[in-house]
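A.B. asks: Got a structure for you, questions after.
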């Protein structure tokens, strides 16, 4: 199963923080790719920096200024997260059987076309709340919690779980209980960029080699 998250309706002047959170959740909760519309290089650079420091979990970080075309040319199942949709528990088992899934996460009011193009309009409850929470819950239900235990590829930092306090080590400095650094996750997934449609409309981004001190990710 391959999962991409498409964030549409992003407003660069007001949505940078929450859209970054959508991207971080996509990365940490099992998505293979994150696509932003419209393009906002500052958000994408933040995600690349996290991947550089904490290891690669995303196969693709990209943006498109033609989101409707991106959805129309997606060669797989389209899921739109909306409070007006069907309860997640009523459709998640069926969605889990699909090979390629595009999850649409809206910002401002989502145009009607996306509701019509989606194979599944899925609600994480029918009350107003955060799209970040909706994406996290959807992906966790989709993977049944297994997404939390993937190991990233490469990276510079690892957290060693502790009962109290904080323990962060550089890759290569883990002790016997810290796990092998740079272990490639056994995800059973395709190569980089698989599942991306409308390549002429999507601009991919290589990750820059930045090196910051440990701090908040947003």
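Cβ from N, Cα, C; glycine included.
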A.B. asks: Would you please say which range out of 121-169, 170-218 has the annotation region 'Disordered' in Swiss-Prot?
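C.D. replies: So the range that Swiss-Prot calls region 'Disordered' is 170-218.
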A.B. asks: Besides 106, 107, 108, 109, 110, 124, 125, 126, 127, 128, 129, 130, 131, which of 68, 81, 86 does Swiss-Prot list for that S-adenosyl-L-methionine site?
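C.D. replies: Site partner of 106, 107, 108, 109, 110, 124, 125, 126, 127, 128, 129, 130, 131 for S-adenosyl-L-methionine, according to Swiss-Prot: 81.
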A.B. asks: For the S-adenosyl-L-methionine binding residues given in the record (81, 106, 107, 108, 109, 110, 124, 125, 126, 127, 128, 129, 130, 131), what is the largest pairwise C-alpha separation in angstrom?
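C.D. replies: Across 81, 106, 107, 108, 109, 110, 124, 125, 126, 127, 128, 129, 130, 131, the two farthest Cα atoms sit 19 Å apart.
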